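Here the structure comes first, spelled out in structure tokens, and everything after it is commentary.
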């Protein structure tokens, strides 16, 4: 009988997407092939404590569980303790937002010299930063919404070209969206159509980040596609977000039970448009140095059918209503097989990196 592969399922964390991470980890834990893999939950609390194996298991079952402090590593500065878990073969990080998606935990894994699922430091950091990913997308020929970037010093000094609504509206239009550069799940995003709304949206966005994007509002349908693999990735079909209540896909509509949004797979778009979206998703995935997996989001202008790149997410959600696993389910790759492939891609990437020479 073949020995099981030991997987460290890393979840939770300090970001605003804590519950999403726990829900995703629950689904992965229950979907993984238990005959092939032995899963060790590694849960981080919202204030950055790494729970013991027993406490992590309790946190995995209930996101509101209060971890017993006596059984924790002091804080995230002691993540090195991950290496002391029982001979884990690979880590599967499903921490959304800060620490998990921004290259931080990927850097730790590289320092520890352990295999892990997903992108390396560069790909994780670049996809997390909406400003940088838009710049890179534009560089390779993808169309993006018009935007401007505001750094905290510019906001605190009240530089008019950034904080004065009329000046911003003259560049981007009367309706804009304000969003933190390094957040996911629509956290901190708000529309603004006048000076009062704009000031409030900026104040809220700067609660989450030191860099904020202001984008033109586009009358569009929202679509997403999924990518899987390393050097020769595959792209799923295209799914569409049908939002009956709000004008944009809010955190509440993504994850709360009373959501008025639904996912339509495949999207109700022309075949040629879907083909172009899939090609563009593959292009940004490869150019931005993503490995393992990503969900790529686009908008399609209602008036013209023009495709607009929105963002790329290197650790997409795996909740019951998440688009990424549903897209591959529709493509014939079911949940257990999807998790299996992700782990195998992580091991494959690690073996390749071990073969590279680091000396002259």
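Note: Cβ is positioned from N, Cα and C throughout, glycine not excepted.
The structure displayed is predicted, hence computed values, not measured ones.
Annotated features in TrEMBL:
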ACT_SITE  17  active site
ACT_SITE  185  active site
ACT_SITE  322  active site
BINDING   130, 177-179, 185-186, 215-222, 310-311  ATP binding site
BINDING   297, 311  Mg(2+) 1 binding site
BINDING   311, 313  Mg(2+) 2 binding site
DOMAIN    134-344  domain 'ATP-grasp'
* By Cα-Cα distance, the member of binding-site residues 215, 219, 221, 310 nearest residue 17 (active site) -> 310
* To do: Measure from the Cβ of residue 219 (ATP binding site) and count the other Cβ atoms within 10 Å, all protein chains considered.
  => 11
* Candidate nearest residue 130 (ATP binding site) in space, where candidates are the recorded positions 297, 311, 313, 322 and distance is Cα-Cα -> 311
* Measuring CB to CB from residue 311 (Mg(2+) 1 binding site), give everything in the same chain under 8 Å that is also at least six residues away in sequence. => 127, 130, 133, 134, 296, 297
* Looking at the recorded positions 215, 217, 219, 221, 322, whose Cα is closest in space to that of residue 313 (Mg(2+) 2 binding site)? -> 322
* Taking just the CA atoms, what is the gap between residue 322 (active site) and residue 221 (ATP binding site) in Å? -> 18
* Structure fact -> residue 17 (active site) falls, by DSSP collapsed to helix, strand or coil, into coil
* Structure fact -> Ordered by sequence, the long-range same-chain Cβ contacts of residue 310 (ATP binding site) under 8 Å (at least 6 apart) are 145, 222, 297, 298, 299
* Asked: Do you know which of the recorded positions 17, 215 has the most other C-beta atoms within 10 angstroms of its C-beta?
  -> 17
* **Intrachain C-beta neighbours of residue 178 (ATP binding site), sequence separation six or more, cut-off 8 angstroms** => 189, 190, 191, 192, 198, 201, 202, 204, 205, 212, 213, 214
